[in-house]
4 protein chains.
Amino acid sequence: MAMVCLSDFEAYAKKYLPKVAWDYFAAGADDCTTRDENILAYKRIRFRPRMLRDVSVVDIRTKILGSEISFPVGIAPTGFHQLAWPDGEKSTARAARAMNTCYIASTYSTRTLEEISTAAPGGLRWFQLYIHRNRAASQQLVQRAEASGFQGLVLTADLPYTGKRRDDVRNGFRLPPHMKVKNLEGAFEVCKMSLLDPSVTWNDIYWLRSLTRLPIIIKGILTREDAELAVKHGVQGIIVSNHGGRQLDEGPATIDALVEVVEAVRGRVEVYVDGGIRKGSDVLKALALGAKCVFIGRPALWGLAYKGEEGLQDVLRILQDEFRLSMALAGCASVSEIGQHLVQFSRL
Amino acid sequence: MAMVCLSDFEAYAKKYLPKVAWDYFAAGADDCTTRDENILAYKRIRFRPRMLRDVSVVDIRTKILGSEISFPVGIAPTGFHQLAWPDGEKSTARAARAMNTCYIASTYSTRTLEEISTAAPGGLRWFQLYIHRNRAASQQLVQRAEASGFQGLVLTADLPYTGKRRDDVRNGFRLPPHMKVKNLEGAFEVCKMSLLDPSVTWNDIYWLRSLTRLPIIIKGILTREDAELAVKHGVQGIIVSNHGGRQLDEGPATIDALVEVVEAVRGRVEVYVDGGIRKGSDVLKALALGAKCVFIGRPALWGLAYKGEEGLQDVLRILQDEFRLSMALAGCASVSEIGQHLVQFSRL
Amino acid sequence: MAMVCLSDFEAYAKKYLPKVAWDYFAAGADDCTTRDENILAYKRIRFRPRMLRDVSVVDIRTKILGSEISFPVGIAPTGFHQLAWPDGEKSTARAARAMNTCYIASTYSTRTLEEISTAAPGGLRWFQLYIHRNRAASQQLVQRAEASGFQGLVLTADLPYTGKRRDDVRNGFRLPPHMKVKNLEGAFEVCKMSLLDPSVTWNDIYWLRSLTRLPIIIKGILTREDAELAVKHGVQGIIVSNHGGRQLDEGPATIDALVEVVEAVRGRVEVYVDGGIRKGSDVLKALALGAKCVFIGRPALWGLAYKGEEGLQDVLRILQDEFRLSMALAGCASVSEIGQHLVQFSRL
Amino acid sequence: MAMVCLSDFEAYAKKYLPKVAWDYFAAGADDCTTRDENILAYKRIRFRPRMLRDVSVVDIRTKILGSEISFPVGIAPTGFHQLAWPDGEKSTARAARAMNTCYIASTYSTRTLEEISTAAPGGLRWFQLYIHRNRAASQQLVQRAEASGFQGLVLTADLPYTGKRRDDVRNGFRLPPHMKVKNLEGAFEVCKMSLLDPSVTWNDIYWLRSLTRLPIIIKGILTREDAELAVKHGVQGIIVSNHGGRQLDEGPATIDALVEVVEAVRGRVEVYVDGGIRKGSDVLKALALGAKCVFIGRPALWGLAYKGEEGLQDVLRILQDEFRLSMALAGCASVSEIGQHLVQFSRL
């Protein structure tokens with residue numbers, strides 16, 4: 001079976017992963033409307049490609065928070081990579097480093113953040129954080145992340161409670177006994193997520209700020225109002241995200257929300273987006289609409305499910321090739337030439 | 001079979017109810033366009049969820065016409081509950097009381113309003129009324145309702161004649177011989193509904209007013225013009241409704257009409273809506289667009305068909321949990337924080 | 001099989017007519033886009049129904065060019081009724097008279113106009129005319145129509161050549177040998193239609209005017225420019241029509257074109273519409289948008305195919321009942337109360 | 001099997017061509033969105049047909065760059081005609097001459113341009129050119145084309161690299177060993193296209209201009225900005241094209257881009273369009289929106305696959321008949337009467 005595009009990896013993962021694991025990765029909240037909209041919304045954006053520009057060299061490199069990455073696609077934080085591949089997040093870390101891009105490791109990894117660090121020394125990594133009811137536990141995680149060489153803290157803002165993913169409820173999803181949420185002490189029940197603190201507010205950013213010198217990136221912003229608040233509270237970056245459509249169903253597609261957020265931010269901090277990226281041209285659209293970089297969630301898991309580290313590299317390499325080709329065919333020789341003039345919203 | 005969301009109850013009811021009963025409950029007028037639009041219209045509304053607000057406590061209680069209910073979802077008036085469950089409306093009344101919400105009992109119940117009252121003393125109930133050609137009969141019903149402790153009168157305005165529901169015509173639908181429309185004297189032929197008075201006009205509200213001290217709620221309003229007339233004629237509440245798409249096909253979806261009615265009413269009376277509610281997030285959308293409370297019709301019947309009183313409680317509990325979760329994920333800690341800023345109409 | 005709505009007759013005709021005849025009646029030009037759009041466009045129009053108006057009596061009668069008809073639905077001109085029922089147009093004439101409405105007999109009838117007249121004396125009938133290369137032949141038809149008691153002349157404007165109906169080409173459609181286009185002399189090849197004059201212009205209306213005292217109705221107008229020309233050239237009525245989608249594919253749906261034509265005509269002549277009427281509520285929509293009356297084509301043929309005269313009466317009676325009910329449910333007690341306030345175009 | 005419309009030829013080709021050849025011709029880039037949009041966009045355009053205009057004679061002839069053609073449909077450049085029919089481009093040339101229209105021969109023909117010329121002396125032909133890294137090779141091709149009687153040079157601007165056509169990658173598409181890209185020296189690998197020069201810019205138009213007296217037509221323009229640059233750099237014509245949706249997926253449909261380009265060009269040079277033409281009425285729409293002529297790609301290949309020269313003539317003749325009929329039914333007696341008033345964009 002030739003792996004030509006990301007859907008090939010999706011088909012592979014659906015076929016070979018245990019159903020419960022596939023369902024968990026694929027799940028969206030309620031009717032899965034937003035999960036699917038994330039993808040459909042890209043299809044409503046049309047390119048306005050320009051011709052006869054010298055694209056003999058196409059430079060796809062970019063920088064996020066000052067660090068160069070080989071192209072503007074990183075790995076979004078997702079949990080439980082061992083469900084996809086035995087080595088779990090260690091493979092993810094190695095693939096990201098090999099492809100010279102950024103990996104956001106999740107609190108809910110099946111490997112400790114120290115193991116992740118050790119697996120791929122020198123890679124660019126950020127650490128994703130939930131704030132727990134036990135603040136000391138969160139503080140400890142932040143300090144471990146900083147000590148292990150993570151270069152950014154990603155605070156997830158859209159999960160005061162876990163969204164209702166019907167298949168997970170039907171399956172009674174929980175981690176197999178031989179896997180552990182190793183960053184957290186003792187046993188942990190996923191379906192309850194009862195450790196998370198739903199009373200978190202914007203003021204807790206100041207508290208987080210007081211714990212670390214790492215840049216803080218906030219993930220899960222979908223409105224101009226919250227984008228304004230994020231800037232005001234001193235974050236260094238915003239990830240426009242709806243948690244892959246796994247939290248509040250029938251919120252906006254992230255590529256649509258990106259437009260609103262970018263407009264509100266007016267360049268004061270970097271803006272990223274995740275959700276629905278399936279082709280190199282999706283990356284080009286996101287950058288044209290103002291994203292500095294995109295992050296992929298499920299496609300990374302499909303890559304892991306295919307062949308671990310190697311499979312994830314395949315996924316990244318395909319996106320890289322497609323992105324470079326899309327840029328060339330749209331008439332862009334470097335990331336700095338990408339702008340809003342390249343796209344328009346379709347009438348349909 | 002796990003009952004995870006309302007569609008599970010629908011599937012159960014479709015599978016286990018006699019076809020004629022299922023068809024009667026499911027029926028829409030003509031091509032069933034409006035019946036289906038009631039649901040589809042909700043899907044065109046997108047949330048604008050807000051993050052990092054303290055949602056550690058989410059208060060979902062509200063009041064309708066001064067009475068507190070546990071959450072803003074009541075039971076809409078529908079006929080012939082014995083078709084769904086042997087105890088009929090007695091089970092409905094018990095479930096509504098157990099969940100501390102409002103039940104609007106239909107004139108076309110298979111239990112008398114006195115039986116309904118006795119089944120669940122102390123529950124909040126309104127009585128739904130058609131005006132009959134024999135005005136004395138209607139007057140008697142109003143007085144019985146008031147005497148039995150019903151706390152509101154719901155006048156249905158959209159049924160001068162019964163809509164054309166093709167399956168009912170094909171099935172030659174009528175009540176099985178052992179069931180009776182017990183609130184009315186003697187035999188009663190559903191398909192003719194010849195007892196109803198199609199000459200009713202707005203002035204009859206004054207007549208109704210003269211019969212009772214109960215608040216009058218008018219059900220079936222879809223335009224700003226009629227909303228204005230309703231306020232002018234002194235009703236206490238308006239239910240935006242198209243009778244579940246069973247009357248005039250190709251009228252507006254109720255959630256679309258709600259916007260127009262709320263704008264016209266300008267807070268002078270309470271506005272409710274029924275039709276198309278299938279998820280807790282639909283309730284949140286309706287409240288964001290100005291409804292004080294929503295009412296469910298067919299889902300209540302599915303609950304009854306599943307397990308009578310217990311099944312209906314299951315349905316209400318699922319809606320309650322989903323509504324609470326939606327509020328939290330949208331950043332609302334109490335019903336008073338819900339507003340129009342939470343939603344936008346999708347471009348599609 | 002219960003005949004509950006017009007689709008039931010369509011299903012019957014499709015099942016029992018010879019394929020070639022069904023294909024001929026069902027045919028649209030090219031991709032059949034306009035044929036299908038005629039129906040879909042009605043579904044994009046939403047009612048704004050009004051409540052609590054006295055609809056104990058609903059008067060559905062109207063007048064066209066001064067003649068009263070029992071309700072605003074007539075029979076559009078279609079050819080070759082013997083393909084549907086042995087008695088052909090004689091049955092059509094009898095059914096129209098029995099239902100007290102107007103029948104527009106086609107030049108391409110399989111019965112002479114005199115036979116049609118004799119079959120149902122006293123019925124309201126108009127005669128549909130094509131202008132032939134042999135003008136004397138057309139003149140003769142006009143004079144025969146007037147002599148036979150037809151009360152209007154309908155000039156078809158949209159068929160300088162026959163549209164390309166792929167199935168007819170594949171089937172090599174032609175009339176069976178025992179049927180004849182009896183109004184015209186000698187043999188006649190449908191697929192060529194070579195007798196028609198493609199050089200006809202607006203000035204020929206004056207010529208037609210000089211031949212007869214009958215009112216002239218022009219059929220096939222779709223734009224405001226042509227509506228203006230029609231009024232200027234002195235016609236008494238306009239039928240907005242795209243020939244059931246059988247001529248130029250991808251023109252407008254007739255109900256959409258009606259809006260433009262009615263606006264241009266400003267009440268100076270009566271405007272009618274055909275194409276896509278399948279329910280009583282479609283009639284209500286057409287009248288709300290300014291039509292004085294609608295005409296049905298294919299549904300009349302389905303009625304004939306079902307049971308001849310009796311079947312066509314069934315079709316008309318169903319439309320009549322549905323139209324009356326729609327009026328009542330929309331709050332209209334007479335045709336004069338129908339207006340544009342009753343409808344709005346859906347966002348979708 | 002009757003060949004009634006172009007889809008019949010498509011079905012034939014899909015059935016009888018080797019899968020690899022069919023896939024190559026049918027391929028679109030990535031998800032094939034733009035390939036399919038080219039067709040769908042035509043369906044969103046509605047005619048505004050005019051009635052009662054003398055269409056007894058319909059003159060469908062037109063001129064492109066001063067040369068008369070029998071109707072405004074030419075053959076777009078496509079590669080490898082031997083994959084469809086043994087005689088390859090020689091048959092194409094003969095069919096185009098027989099139908100008196102223009103054939104744009106591709107650089108990637110399986111016959112030399114001299115063979116093409118010799119096969120059909122006197123036919124109107126343009127030569128399509130890519131600029132190669134080896135400029136001398138391109139110069140030689142230009143001079144051979146001019147010497148062989150080609151009357152125009154078509155520079156393809158949208159292929160600095162080949163688009164990603166998934167099926168070709170899966171099939172490992174390459175020419176069968178007995179076919180050659182005969183215009184180019186030595187072996188040639190299609191999937192790499194590594195001979196093309198991705199550094200070409202607008203200034204290279206001046207270089208091309210210096211090599212030949214032939215008019216230069218630029219193919220692949222989709223935006224007003226590039227249309228303006230094309231005029232400024234002195235081309236004689238513009239073909240609005242997205243390479244049949246084979247290059248950058250999710251660019252605009254060509255008929256949509258045509259509107260923007262025509263507006264920018266303001267009549268200074270001729271504008272043509274290719275992509276999505278499947279019916280005579282599509283041609284009429286393109287001309288109404290300002291195209292001087294359209295070009296067909298895949299349908300020409302289907303005609304070749306059906307019966308070589310004869311099959312392609314069948315395709316052209318069907319388009320011709322359909323175009324003439326569409327003109328007549330829209331009320332146009334000559335190409336000069338076609339204008340923007342004939343069309344409107346559908347609300348859907």
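The backbone N, Cα and C atoms fix where each Cβ goes, glycine too.
TrEMBL names C:Arg165, C:His243, C:Arg246 as glyoxylate ligands; from the candidate set C:Tyr24, C:Tyr42, C:Tyr103, the record adds C:Tyr24 to that same site. A Cβ within 8 Å of the Cβ centre of C:Tyr24, C:Arg165, C:His243, C:Arg246, the residues given for glyoxylate, is found for these other residues of the same chain: C:Ala27, C:Gly28, C:Ala29, C:Thr162, C:Gly163, C:Asp168, C:Gly244, C:Gly245, C:Gln247. Most Cβ neighbours within 10 Å, among the binding-site residues C:Gln128, C:Thr156, C:Ser241: C:Ser241 holds that distinction in the structure as shown. When the Cα atoms are compared, C:Thr156 (FMN binding site) and C:Arg246 (glyoxylate binding site) turn out to be 13 Å apart. When the binding-site residues C:Tyr24, C:Arg165, C:His243, C:Arg246 are compared by Cα distance to C:Gly297 (FMN binding site), the shortest distance belongs to C:His243.
Summarising the environment of C:His243 (glyoxylate binding site), the number of other Cβ atoms within 10 Å of its Cβ, over all protein chains shown, is 28.
The two recorded residues C:Ile277 (FMN binding site) and C:Tyr24 (glyoxylate binding site) have their Cα atoms spaced 19 Å from each other. Among the binding-site residues listed (C:Pro77, C:Gly79, C:Gln128, C:Gly275), C:Gly275 has its Cα nearest to the Cα of C:His243 (glyoxylate binding site). According to DSSP, C:Thr156 (FMN binding site) is assigned to a strand segment. Residue environment of C:Gly79 (FMN binding site) contains 19 other Cβ atoms, counted within 10 Å of its Cβ in all protein chains. Counting only the Cα atoms, the space from C:Gly275 (FMN binding site) to C:Tyr24 (glyoxylate binding site) is about 16 angstrom. Put simply, of the binding-site residues C:Pro77, C:Gly79, C:Gln128, C:Ser241, the one whose Cα is nearest the Cα of C:Arg165 (glyoxylate binding site) is C:Gly79.
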